[in-house]
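K.L.:
For reference, the structure I am asking about is given below.
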Amino acid sequence: MSRLPVMTSKRVLTSSSSSSENCPEYAPAQKKTRKDPEPVKPQAAATIIGGKRPPFAATRAPSKSARGAATVAVGPSRGVLKPSVASTAAKGGNMKKPVASTGTKTGGSGPTRRHAWDLKGKVSDMEEKISKYQTKVQSVNQENEVLKGSMAQSQKKVVEMKNELEKQRGMISEYERELQALSGVRDELEKVSSDKNTLQKELSNLEGKYRVMETVRDSQETELQTLKMKLSVQESSLGRLQATLRDREEEVCSLKETVAQQRDELHAGEMERRRLHNTIQELKGNIRVFCRVRPLVGGGLSKHIQLPTSDIKMITLAKTEESHTGKTADTQKNYNFSFDRVFGPQALQQEVFEEISLLVQSALDGYNVCCFAYGQTGSGKTYTMEGDEFDDTRGVIPRAVQQIFKGAEKLGAQGWEFTFTASFVEIYNETLRDLLYTGKANKRPEHEIRKLNNSEVTITNLTYEKVTNEDQVLGLIALANRNRSTAQTAQNDRSSRSHSVFQLDIEGVNAGRDVKCKSTLCLVDLAGSERMLKSQSQGERFKEMTAINSSLSNLGIVITALANKESYVPYRNSKLTYLLQGCLGGNSKTLMFVNIAPESDSFGETLNSLRFASKVNDCVIGTASANRK
């Protein structure tokens, strides 16, 4: 245990020649003061001083050998009391024995040494010393009592300090638990501090943005004031405009009435245009024939074909005949033919189509229109009807399709809506084949021509495609060309071995006028007539040639019957004439191209084609009527 702090103050003792043996009571008192006291609670320092000093100590001067008495003090020592310290005279257990006097003064005013014979004086000196020692013992006993009381108080304080220490230890353990709890709070505090720093940065950013927004707000407030001023101006202008608007609304109502009236007039004008257009086509003839001469491979024109420059409807075939007797000169025989139009070798595809564009327009007006090409093989029929892929060389079929869709788009502004359905069929060896069929060849269905109650002709199991634009139709034409039967002959590297028929069904509705129309545009590319000696057809080619010539012969028979106005027309003699019955029988506007080859060795075939075309041109059929409801 810690010791009580000790504050020492010197006690003055007077000794002359007396030794420590003469003060037996002094030593025990010193031992008592050296005991370690019990630890007490730290408090302010206190000095406990013994009882009254002996009377002689106050008058006599202390000697050099005197030791000071111990003074025990109690003070704070970090919870530990220091032990009390006895006077320095108590070290070693006994005080040093005084040296015997030699008759000289020791220490100040001491008595002189008596003689050996002065016993009475010695006795009195001893008594005097005894008295002093008794007084000193009493003083030490008093100090001892005081120290005992102080010790009791110190022990009491030690007990109190122990109790206080236990309390402090309990508080320390509680504080340690709190400290452990606070360690988590410290981490949380660090996180909160980090969040605080982040929020402070965000706050500074927001403050900057706020200052910017304040600037923007100020500018917007200025703009708002400006806009308010403009608004007041606009409101005044709005009042004027509203008044003007009422006037304009009245004008609009008047104009609407005018527009409705003009629409009626426009519809009436369209109907009149169709009537006049049809009249013109009827004056030109419901069956018209155009002749087209194919250019020579090397360019130019054959000598036996003559085209007058002053007349675009005439063509002459000149043939030089040798004299059989040899006495007369050779004679030249001319064959003159007149058609609705004759195109020379230099005629362009666009020029040819312009002549039939009005006829194509009749299809949109509700009339059935048929256009077909006739001629010997290699005379340019397919080129006339289909042409090439380039715009300048496209034939009648793609140009007619283009005109149909453009015309339908223009009529759409007048309230017309059109739907189109396309089909493509070929007649090969008197057998119908669907050129738009995309299935397996061994599963190709059979087709038959049937006549409906309304005298319309239809084909069973045929592919009918709904089309909405020109590109779709051109795609179908390309598919049909890939599926069409062609072969190489002596007269043509790619000779068509079948008749192809492209048919576009047109249905138009004007809901506002409650008018409907229905028509068919039929474009036919006939296979070329052949002579066996020139085409040198054998085997399958010979069979194809026989079927082609037979169907063309039947077509000639039908045309002759129509020209002679016979009561019976043999349409059923071939699939071709049966399919074209509607085009040839009267309720259609028909155009035939007769294509001729310019080579001199084709003179016979050219003459036959022109004679056949003349029969068609002389044929008069009934007037076509529009299919309207």
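Just so you know, glycine gets a Cβ as well, placed from its N, Cα and C.
Sharing the record's features from TrEMBL:
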REGION    1-69  region 'Disordered'
REGION    86-116  region 'Disordered'
COILED    123-216  coiled coil
DOMAIN    286-619  domain 'Kinesin motor'
BINDING   G375, Q376, T377, G378, S379, G380, K381, T382  ATP binding site
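Thinking about packing and proximity, how do these listed features fit into the structure?
P.N.:
The local packing around Q376 (ATP binding site), expressed as other Cβ atoms within 10 Å of its Cβ over all shown chains, amounts to 24.
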K.L.:
Out of T377, S379, T382, give me whichever of these binding-site residues has the highest number of other Cβ atoms within 10 Å.
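P.N.:
Of the binding-site residues T377, S379, T382, the highest Cβ count within 10 Å belongs to S379.
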K.L.:
Do you know the mean pLDDT across the domain 'Kinesin motor' (286-619)?
P.N.:
83
K.L.:
For each of G375, G378, K381, count the other CB atoms within 10 A of its CB; which of these binding-site residues has the top count?
P.N.:
G375
K.L.:
Among all protein chains shown, how many Cβ atoms are found within 10 Å of the Cβ of G380 (ATP binding site), not counting that one?
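P.N.:
A 10 Å sphere around the Cβ of G380 (ATP binding site) contains 20 other Cβ atoms.
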